[in-house]
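Novice: Handing you this structure, nothing more for now.
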Amino acid sequence: MSTRIAFLKGHGTENDFVIVPDPENAVALPPAAVAALCDRRAGLGGDGLLHVVRSAAHPEARHLAAEAEWFMDYRNGDGSVAEMCGNGVRVFARYLQHAGYATEGDLAVATRGGVKTVHLAKDGDITVGMGRAVLPEGEVTVRVGERAWPARNVNMGNPHAVAFVADLAHAGELRAAPPVTPATAYPDGVNVEFVADRGPRHVAMRVHERGSGETRSCGTGACAVAVAAARRDGTDPAVTGTPVTYTVDVPGGTLVITERPDGEIEMTGPAVIVAEGEIDPEWWAGAAV
Ligand SMILES: N[C@@H](CCC[C@H](N)C(=O)O)C(=O)O
C-alpha cells in the first residue's frame with residue numbers, strides 16, 4: 001500500500017508555503033522532492049516548505065524538545081535548507097492552531113535559528129519574538145546592472161544585505177540573485193532587501209530570497225530592514241533607550257517590527273491557511289527522483 005502524505009498551503013503577507021505535517025518525521029524530503037512540491041507549474045507551488053515535526057523526532061532539534069514541542073524544518077523553494085523564516089514561523093503556528101495542536105497564548109517553536117516564541121490569538125495577526133539581530137562589521141555592496149549601493153549586513157539567524165534605494169524599481173526585474181560583495185561576507189549565500197522610504201519609521205521593500213528568488217514578502221528580511229533603518233535614522237533602541245517600531249510594506253502586505261532597548265525584536269503580521277489535501281502517491285513516487 002502506498003503512503004498517503006497530507007499537505008496544506010498557507011501564506012504570510014503572500015510569502016507562500018507548502019506545509020507537510022509529519023509529527024514523527026516519517027516523510028523523507030530530499031531537496032528534489034521539496035523543489036517538486038514548490039514548483040508553481042508542475043507541483044503545488046510555494047516560496048518554501050514548512051516540514052512540521054515534533055522536536056523529539058528530529059535529529060537537528062532533539063536537544064530543544066524540552067523547550068519547544070514542535071520543530072520548523074524550513075526549506076527554500078529550491079530544496080535548500082535555511083536557518084529561519086519569519087513569515088513561515090507564523091504560518092507554522094497557524095497550522096498548529098488549525099490542527100488542534102496549539103491553542104491561544106504563547107507557543108515556543110524550535111527552528112535552526114533557535115527557539116522562537118509565537119503569540120497566538122484566536123484569530124487576527126500573529127506576533128513572533130524574532131530574537132536579536134547580529135550586525136557583522138564592514139559594509140557590503142549590492143549591484144543591479146550599472147547601479148551599486150552600499151548595504152548593511154544584518155543576520156537574523158539567516159543572512160541579509162539591506163540596501164537603501166531611491167526607487168524600488170531600480171532593483172529591476174530581480175530574475176537572478178543580485179551580486180553582493182565581498183562574497184566572503186556571505187559564505188552561505190544571502191537574502192537581499194531593497195528599501196525605499198515612505199514616511200517616518202515607515203519603509204517599503206522588495207526582496208530577492210536565497211533559494212527562492214524574488215518573493216512578495218520576507219519576515220526575517222523585514223526585521224533586518226527595520227534594524228538597518230533604525231541605525232541609519234538614529235533611532236537604535238540600544239542607544240536611545242526607547243523601543244522603536246517600523247512599518248514595513250512588502251509587495252504582499254505590511255509587517256510591523258518593534259525592536260526593544262535590549263535588542264529583542266517582535267514582528268506582527270498575518271498568517272493564513274488556504275487549503276489542505278493529499279499528495280497523489282503516483283506523482284510523489286516520481287517527485288524525488
Ligand atoms: N521568507 C523567509 C525567509 C526564508 C529563508 C531565506 N530564503 C533564506 O534562505 O535565508 C522569511 O519570511 O523570513
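Glycine residues also receive a Cβ, built from the backbone N, Cα and C atoms like all the rest.
Pulled from TrEMBL, these are the listed features:
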ACT_SITE  Cys85  active site, proton donor
ACT_SITE  Cys85  active site
ACT_SITE  Cys218  active site, proton acceptor
BINDING   Asn15, Asn76, Gly86, Asn87, Asn158, Asn191, Glu209, Arg210, Gly219, Thr220  substrate binding site
Novice: Measuring Cα to Cα across Asn15, Asn76, Gly86, Asn87, Asn158, Asn191, Glu209, Arg210, Gly219, Thr220, which the record gives as the substrate binders, how far apart are the two most distant ones in Å?
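Specialist: Roughly 16 Å, rounded to the nearest whole number.
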Novice: Express the distance between the Cα positions of Glu209 (substrate binding site) and the residue listed as 'active site, proton acceptor' as a whole number of Å.
Specialist: 8
Novice: Starting from the Cβ of Asn15 (substrate binding site), draw a 10 Å sphere and report how many other Cβ atoms land inside it.
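Specialist: Its Cβ has 32 other Cβ atoms within 10 Å.
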Novice: Helix, strand or coil for the residue listed as 'active site, proton donor'? Use DSSP.
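Specialist: The residue listed as 'active site, proton donor' sits in coil per DSSP, no helix or strand.
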Novice: Taking 8 Å from the centroid of the Cβ atoms of Asn15, Asn76, Gly86, Asn87, Asn158, Asn191, Glu209, Arg210, Gly219, Thr220 as the cut-off, which other residues in that chain fall inside it around the substrate site?
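Specialist: Counting only non-site residues, the set is Gly48, Ala82, Met84, Cys85, Gly88, Val207, Ser212, Thr215, Cys218, Gly221.
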